[in-house]
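Visitor: Quick paste from Swiss-Prot:
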BINDING   85-90, 132-135, 168-177  FMN binding site
BINDING   Thr337, Thr371, 401-404, 419-421, Tyr425, 434-437, Tyr614  FAD binding site
BINDING   Ser534, Arg535, Lys540, Val541, Tyr542, Val543, Gln544, Asp576  NADP(+) binding site
DOMAIN    79-217  domain 'Flavodoxin-like'
DOMAIN    249-463  domain 'FAD-binding FR-type'
Amino acid sequence: MNREVVTMSTGNTLPPALAALASPLNDAQLNQLQQTVTQLNAQQLAWVSGYFWGLSQSNALSVPHISAGQTASAASGKLTIIFASQTGNAKGVAQALLKEAQAAGIQAQLFDASDYKGKDLAKETHVIFVASTNGEGEAPDNALALHEFLKSKKAPKLPNLKYGVLGLGDSSYQFFCQTGKDFDQFLENLGAQRLVERLDADVDYQAAATEWRKQVLSILKDELTGAAAVTSVATFAVSQTAESHYSKEQPYTASLSTSQKITGRDSGKDVRHIEIDLADSGITYQPGDALGVWYENRPQLVNALLDSVGLSGHEEVQVDGETLSLHSALTHHYEITAANPQLVAQFAELAQSEKLTSLAQDKEALREYATRTQVIDVLREEKVTLSAIQLLSLLRRLTPRLYSIASSQSEVGEEVHLTVGVVEYEYEGEQRLGGASSFLAHQLEEGAPVKVFVEHNNNFKLPSDDNAPLIMVGPGTGIAPFRSFIQERENRGAAGKNWLLFGDRTFTQDFLYQVEWQKYLKSGVLNRLDVAFSRDQHEKVYVQHRLLEQAELVWQWLQEGAYFYVCGDASRMAKDVHQALITVVEQQGGLNREQAEEYVSELRKAKRYQRDVY
């Protein structure tokens with residue numbers, strides 16, 4: 001892929017009339033413009049044209065004069081920012097750094113890790129990596145190729161490179177911020193020099209990331225002076241207009257249209273088909289994107305939490321400079337459902353709990369305990385009274401829940417559909433519910449407001465070639481994006497074959513969207529459907545077993561250029577499917593295990609093997 005200062009890719013071309021004009025833009029700018037306008041409808045294009053005209057009149061895009069023969073890189077160097085992102089958090093931090101660098105007069109450019117060629121690091125002077133970690137220490141899908149290149153013997157020596165790494169992760173996991181640690185080590189091994197110490201940021205990363213960016217910029221101001229690059233200023237403005245003005249920080253207040261249980265009466269699971277009305281928002285999304293949902297904590301849980309530490313909820317606290325009651329802060333701003341190791345260790349110290357202190361000294365036992373308990377369970381381990389400040393110091397800030405979108409806008413218009421598995425279980429005789437899933441399933445009435453935003457996922461997209469075959473593996477709620485894929489392929493009249501592999505517990509109770517799949521089979525949009533219901537026979541059968549059973553056909557489709565998609569559980573299913581795919585390639589391709597692993601790795605690099613796992 002050509003190196004471009006972009007974060008989206010389409011493969012479309014500019015209208016002939018525009019392409020024929022004598023362009024004052026350089027190649028990078030023209031390519032960025034091309035990839036942006038092809039995403040917009042006529043109304044959006046009209047708005048954008050007016051927006052840029054207004055900017056030109058207000059000199060909002062004015063840049064220092066560059067004389068003939070002088071290049072935009074005439075400053076003492078430039079900053080290259082590379083993001084490795086799975087859910088969009090790293091991308092957001094990288095975009096913020098880009099904007100701040102440009103405002104400081106630093107020439108800066110931004111790259112998706114999948115669009116950056118590792119060998120080009122030898123040409124750089126200053127690079128910042130912002131990297132999230134996927135699953136159990138894996139690099140995000142968009143960074144797999146770069147990650148592999150930098151640890152290989154092909155990577156160039158980098159004695160002239162100065163760098164910084166910001167890692168994003170979740171300390172609940174064993175391999176916390178592993179991808180950031182990897183990039184930091186790779187660059188050090190290649191002879192690069194650290195500008196600043198690596199930051200390993202936890203789930204509530206915003207404040208720490210902001211301070212780290214300030215530290216980086218204070219150093220870069222001394223090292224990178226001169227005019228900001230024309231391409232950087234212009235391309236940032238264009239990329240901003242290509243996105244909806246609604247975001248994680250500024251969500252859209254939509255309304256809940258439908259919350260319908262789609263598992264049977266006797267199912268052990270409650271799975272909901274959710275429809276949300278986006279009318280008049282102007283929000284657009286593509287198959288493969290996710291919807292971020294901001295939720296409120298249940299009043300019953302808030303009250304139980306307050307009671308467990310001897311507080312009334314009327315205490316006043318400061319949240320983001322605003323004075324709120326403690327009850328309101330816990331309802332809207334803090335994570336009070338999922339426990340985490342840091343919470344357990346801090347509460348052990350506050351409560352002087354021998355049991356929890358002993359537990360905190362065993363990392364594996366601590367992690368296991370935090371996984372199976374909720375915040376309320378930890379606080380009830382010891383009967384102590386806390387102040388409001390002490391309680392909030394234990395808690396993480398609330399973060400939105402991301403759900404794979406289960407609809408295509410070409411089919412549903414100004415709606416967005418989700419497939420939500422309600423988290424519900426018992427702990428020591430008491431019911432425990434998930435925060436976001438119970439909010440959507442139980443707390444909201446139809447017509448109630450819900451704050452949402454679209455999180456684009458460029459690492460889980462339909463191929464631009466409508467003739468390409470698709471193999472889609474989506475057990476349980478992992479079926480969601482493939483509903484959007486099939487809707488989109490039908491509406492586009494795509495000729496490519498479609499094969500779906502679905503699995504769950506039982507055929508009669510857990511076959512999600514069964515009627516729809518049968519309709520698509522009958523119409524020919526879906527060419528093949530294989531199912532695995534684990535509890536319908538003595539021996540449990542899962543989707544990976546169906547793959548192995550159909551190994552010859554899987555290999556045939558791959559040889560025909562099929563794209564292979566997996567969505568769902570990262571801890572077991574995705575790993576088992578991955579190993580099954582390698583086995584298929586090994587057996588059917590006549591390769592040894594190492595060669596089969598390399599083949600599958602090449603599929604991922606070519607974006608013919610894409611995963612949306614959690």
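Placement of Cβ uses the backbone N, Cα and C atoms for every residue, glycine included.
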Visitor: With Cβ-Cβ distance below 8 Å and at least 6 positions apart along the chain, what are the contacts of Phe176 (FMN binding site)? List them in sequence order.
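Guide: In sequence order, the residues whose Cβ lies under 8 Å from that of Phe176 (FMN binding site) (at least 6 apart) are Thr133, Gly169, Asp170, Asp200, Asp202.
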Visitor: Within 10 Å of the Cβ of Ser534 (NADP(+) binding site), how many other Cβ atoms can be counted across all chains shown?
Guide: 17
Visitor: Within the domain 'Flavodoxin-like' (79-217), how many residues are helix, strand or coil going by DSSP?
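Guide: Split into helix, strand and coil, the domain 'Flavodoxin-like' (79-217) gives 58 helix, 32 strand, 49 coil.
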Visitor: Give the maximum pairwise CA distance in Å, whole number, for the residues Ser534, Arg535, Lys540, Val541, Tyr542, Val543, Gln544, Asp576 listed as binding NADP(+).
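Guide: If we measure all Cα pairs in Ser534, Arg535, Lys540, Val541, Tyr542, Val543, Gln544, Asp576, the largest is 18 Å.
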Visitor: Taking just the CA atoms, what is the gap between Tyr403 (FAD binding site) and Ser534 (NADP(+) binding site) in Å?
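Guide: Per the Cα atoms, Tyr403 (FAD binding site) and Ser534 (NADP(+) binding site) stand 24 Å apart.
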Visitor: Of the binding-site residues listed here (Ser132, Thr337, Gly421, Ala436, Tyr614), which is spatially closest to Ser534 (NADP(+) binding site) when Cα positions are compared?
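Guide: That would be Gly421, the closest of Ser132, Thr337, Gly421, Ala436, Tyr614 to Ser534 (NADP(+) binding site).
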Visitor: With Cβ-Cβ distance below 8 Å and at least 6 positions apart along the chain, what are the contacts of Arg535 (NADP(+) binding site)? List them in sequence order.
Guide: Arg505, Thr506
Visitor: Among the binding-site residues Ser85, Gln544, which residue has its Cβ surrounded by the fewest other Cβ atoms within 10 Å?
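Guide: Minimum Cβ neighbour count within 10 Å, taken over the binding-site residues Ser85, Gln544, occurs at Gln544.
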Visitor: Across all chains shown, how many C-beta atoms besides its own are within 10 angstroms of the C-beta of Thr419 (FAD binding site)?
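Guide: Excluding its own Cβ, Thr419 (FAD binding site) sees 24 Cβ atoms within 10 Å.
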Visitor: To the nearest whole angstrom, state the Cα distance for the pair Gly434 (FAD binding site) and Val543 (NADP(+) binding site).
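Guide: Rounded to a whole number, the Cα-Cα distance is 26 Å.
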